[in-house]
Structure formats: structure tokens, C-alpha cells
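Copied over from Swiss-Prot:
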BINDING   113, 114, 115, 116, 117, 118, 119, 120, 121  5-phospho-alpha-D-ribose 1-diphosphate binding site
BINDING   117, 145  orotate binding site
């Protein structure tokens, strides 16, 4: 499966000057919503991701995603795995579990995102689950932006990765783009302004 080509065909592989949810800048941005707007394609991708997870014999009960970007990917993965799905969301900048969702003591979760960059939002969701007595046994994403180590792709972990080293991350593909601190961004030096295409409200 050529994930890069799928993103390009869907108009989801963007080039420009982007402000990421981390506050860093990049010349490229992956807009997974453009991929996931097609239910058949979303189902196909998450069916493939479910097969990868199953091949590692990971035992889990439910899937949780951080809103907003992870919801479609997480829901489709839950369908493919025949598991329960819940999501966390930010309230005044703080990740919470709302809407009557519950976590049972000892319930095992995979946290699913559309894109994992450093893994910050996924880690926030994992901490919520663990604080309520659940157990996170792994992470999943359609795509990894190259910082976190992916179990099935054998890519190395980089310095900025936030996901725990002892838990696996599964993804369909890796995208490695240069990411810059705002104060040393070569795109800013050329006089262009970073735009924020993402979903996190900050």
C-alpha cells in the first residue's frame, strides 16, 4: 500500500508554510480529513491497520482517540477490530473524557490517531485512560511523521518522540518532513507566514 500516493491523490499532502499543533513550522502538512472523508477508503486503510495489529497478537478491549483529528481513524479501526470506541477531547486546553464515556478498571486500550508527530495528544489520552484505571497496551495511526518508532516499520525513535518506548506504535506508513522551531524557520526567513490547517484549538 503506497500511503504517500493515497494522500497525494486525495489532495491531503499539502505543501506550503504550516504552523503545526506543536507550535513548530513545516513546509509539508498531512490533512488526513481529506483521506477519511471517503468512507470506503477510510475502511480500507483501517482494515489494513487492524490486520497489522492482529499480526502482533496484541490483546485489547477498546480503542480511544483524541478529538478531533483521531476520531474518524479511531472509529474505523474500532469497527475493523470489532471493539468499543471512545474519545477524549480538550476543554479549555485540557484533555478530558466526557459524554458519559467510561473506562473500566483493567480495560485494555489502543490509542489511535490519524497522524502521530511527536505523540503528544495520544499520550494525553493515554494518561486519562490510565488515571481512570485502564491500561494502554499500544498506539496506532494511519501515518507517522517519523519521530516515534513504529513497531511494524522498524524505523528508529527520534529525540522529540513523546510516546513511551515500552509500548508499540503501529502505522501504515512513515512521512519524514523537516520541522523547524518558529524562531529558526527558513520559511519565515523568506517572508512567508505560517498558516494553521490542523484541528487542535491553540
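Numbering starts at 1 and runs along the chain as displayed.
Glycine too: its Cβ is placed from the backbone N, Cα and C atoms.
Keep in mind that what you see is a predicted model, and the values were worked out from it rather than measured.
Here the candidates are the binding-site residues 113, 115, 117, 119, 121, and by Cα distance the one nearest residue 145 (orotate binding site) turns out to be 117. Under the three-state DSSP scheme, residue 115 (5-phospho-alpha-D-ribose 1-diphosphate binding site) falls in the strand class. Annotation note: residue 145 (orotate binding site) sits in a coil segment as assigned by DSSP.
Those residues of the chain, other than 113, 114, 115, 116, 117, 118, 119, 120, 121, with a C-beta within 8 angstroms of the mean position of the 5-phospho-alpha-D-ribose 1-diphosphate site C-beta atoms are 122, 141, 145, 148.
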